[in-house]
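The block underneath contains the structure these notes are about, expressed in C-alpha cells.
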Amino acid sequence: MRDPRYNKGLAFTEKERDAHYLRGLLPPIVLSQELQEKKMMNLIRQYEVPLHRYMAMIGLQETNERLFYKLLIDNVEELLPVVYTPTVGEACQKYGSIFRHSQGLYISLKEKGKILETLKNWPERTVQVIVVTDGERILGLGDLGCQGMGIPVGKLALYTALGGVRPSLCLPITIDVGTNNEKLLNDEFYIGLRQKRATGEEYNELLQEFMYAVKQNYGEKVLIQFEDFANHNAFELLARYSSSHLVFNDDIQGTAAVVLAGLLSALRLLGGTLADHKFLFLGAGEAGTGIADLIALEISEQNGKPIEENRKNIWLVDSKGLIVSSRKESLQDFKKPWAHEHEPITGLINAVKAIKPTILIGTSGVGKQFTKEVVEDMASFNKTPLIMALSNPTSQAECTAEEAYTWSEGRAIFASGSPFDPFEYEGKTFVPGQANNAYIFPGFGLGVIMAGSIRVHNGMLLAASKALASQVTEEHYEKGMIYPPLTNIRKISANIAAKVAAKAYELGLASHLPQPEDLVESAEKCMYSPVYRSYL
C-alpha cells in the first residue's frame, strides 16, 4: 500500500486484503479502478488554480502510479496541460515551495568524482530512458537552477502515458551547477546549490563524468534526452556526444520533428512542396535553427540538391535583426549557415515585408511579437498564410489563435506550442493545431528502445515527422487542423515507433535482431498498461 507501483487503494479485493494482511487497514468498501478514476477526475476538476491541479496529479503519482497513468491516458487532452506545459513552468518556478517528495536523481557539483556511485543509489538496476536538465533555460522562463526537475519528471510521465515506456525504466535527472537567478539564490525555500553557475572547464568536466558514468552503469543503449539546456551548451553537448552515446535533444530535434510534421501535413492545404515555400523564423536559438536544419534536410531528401542550396529559402531573425552574411563574423557557430546575402534589416515587420515568406514560425520565447501589422502583411501576399507561434508557455506565445484568425480574416492556418481553444470566426469554427513535442518524443523513444538502437540518426527524425503527418485525416483538414487530436496519441506513438525502429534497422543501428515482421503490432504489445494487476 505504501509503494506507489503496487498500491491500488480501495481497489484491493477481499481476497487480496486477506492474502497480504491488509484487512482492517482499509475501509470495507471495494472500488473498481474506473470508479477511482471518476472520483479523482471530479476532485481535480474542482481545483480552479492550475498549480493545484498539478499538485493533485503529482500527489497521485507519488501514491498510486497505475491510477495516475490511467487518468493521464484516458483524459490526455485535459490533463496534458496540467502535468506538462504550460502548468509545469509555474511548478518549476515554485518547485522549492511545493516540494514534498523527491522524484528523480539530483547530481550537483558536490557529487564530482562520485557520479557513478550516485547513479548506483537509484533503486532501479535497469534504465532505458534518462531525461536530464541543468535548469538553465526552462521553457521561456530562463534559469530555474535545481528547480528545473519538474521538466524531466513531466517529460518521463509522458514517455509512459503516451509512448508506453514502463515507469521503472525511466530516470529523471537534474544536474545542479548553481544558478544565476538572484531571486532563487535569495529564496529561503530554494532547493539547489546557493552559488553562481559553474561554467567552462568545471562544467564540462562534470558533464563528461556524468555521460561516461551513465554509459558504464546502464550500458550503450540507454537513451539520454537533453532537456532545457542553454543554447551554447545544448548544441555543444549534442555535437560532442552524438557519436559516442545514444543522445537526443528534444528542444533541437524533437521540436524540429514535430514542426516538420506540421509543415508536411499543411502542404495538403497550402499546395506545392516544401521547396516551393519561403520560411521566416523569429528566433534563432535551439528550436529555430533545429527546425530550419530539419526542413533543409527534408527538402534535400526530396530534390537531391545540396543542403546548402536548400537553406537559401529559409531566413532567420534574431534579437539583432535578419541574419545576413555581413553579420557572419559576430554570429555564434550554429547561426552561421543561415547568414544569406541580403542588406541588413532590423525588426520582424521589416523582414516580413522584404522576404515575403509563405510560412512564419516563432521560436523566440518572447510573447506578442506577431503583431496585427505582421499578420495582416502575411495575409496580404498569401492566400493561406501559415503562422506557427511556438513559444511556451501560453504567456510567451508570439500571438494567440484568435489574433491569427481575426487579423488574417479567417485565412490563416495556425499552430502554437501551448494549447488554445477552438475559435469561431464568421460562423466557421477553427481548431488550432498544437505543435506539441509530446507527439514525437514518446513514440520516438519507444522506437529507439524497440530496435535497441545504439545511435540517433537524422533519418530517424525524418521518419518520425512523416509518420506523424500521415495520421492527419481529411476530417481534421476541414477544421484547419494540421496535427491529429491528442486523444489517439498511443496509436500515433505506436506508428511513429514503428517507422523510427524500421529506419534504425535499415541504417544498421539496431541491435535487437531479428527485426519483427509487424513493427506497429510489436510497439503496441510492448506498451505499458496502467490497468491494475491481481496480487493473488
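First residue shown is number 1, and so on along the chain.
Note that Cβ sites are derived from N, Cα and C of the backbone, with glycine treated the same way.
Cβ-based neighbour count (10 Å, all protein chains) for TYR84 (active site, proton donor) stands at 25. TrEMBL lists TYR84 with the feature active site, proton donor.
Feature annotation from TrEMBL assigns active site, proton acceptor to LYS155.
If you look up TrEMBL, you'll see ARG137, ASN392, ASN436 marked as (S)-malate binding site. Long-range Cβ neighbours of ASN436 ((S)-malate binding site) (same chain, at least 6 residues apart, Cβ-Cβ under 8 Å): LEU80, THR85, VAL258, GLY417, PRO419, TYR483, LEU486.
In sequence order, PHE226, GLU227, ASP228, PHE229, ALA234, GLU286, ALA287, GLY290 are the residues near ASP251 (divalent metal cation binding site), counting only same-chain partners six or more apart with C-beta under 8 A. The feature divalent metal cation binding site is assigned by TrEMBL to GLU227, ASP228, ASP251.
Marked as domain 'Malic enzyme N-terminal' by TrEMBL: 61-242.
Summarising the annotation, TrEMBL assigns domain 'Malic enzyme NAD-binding' to 252-505.
Averaged over the domain 'Malic enzyme N-terminal' (61-242), the predicted model has a pLDDT of 96.
The Cβ neighbour count for ASP228 (divalent metal cation binding site), using a 10 Å radius and every protein chain shown, is 26. ASN392 ((S)-malate binding site): 24 other CB atoms within 10 A of its CB, across all protein chains. Residues listed for (S)-malate, ARG137, ASN392, ASN436, cover a largest CA to CA span of 18 Å.
The Cβ of ARG137 has fewer other Cβ atoms within 10 Å than any other of the recorded positions ARG137, LYS155.
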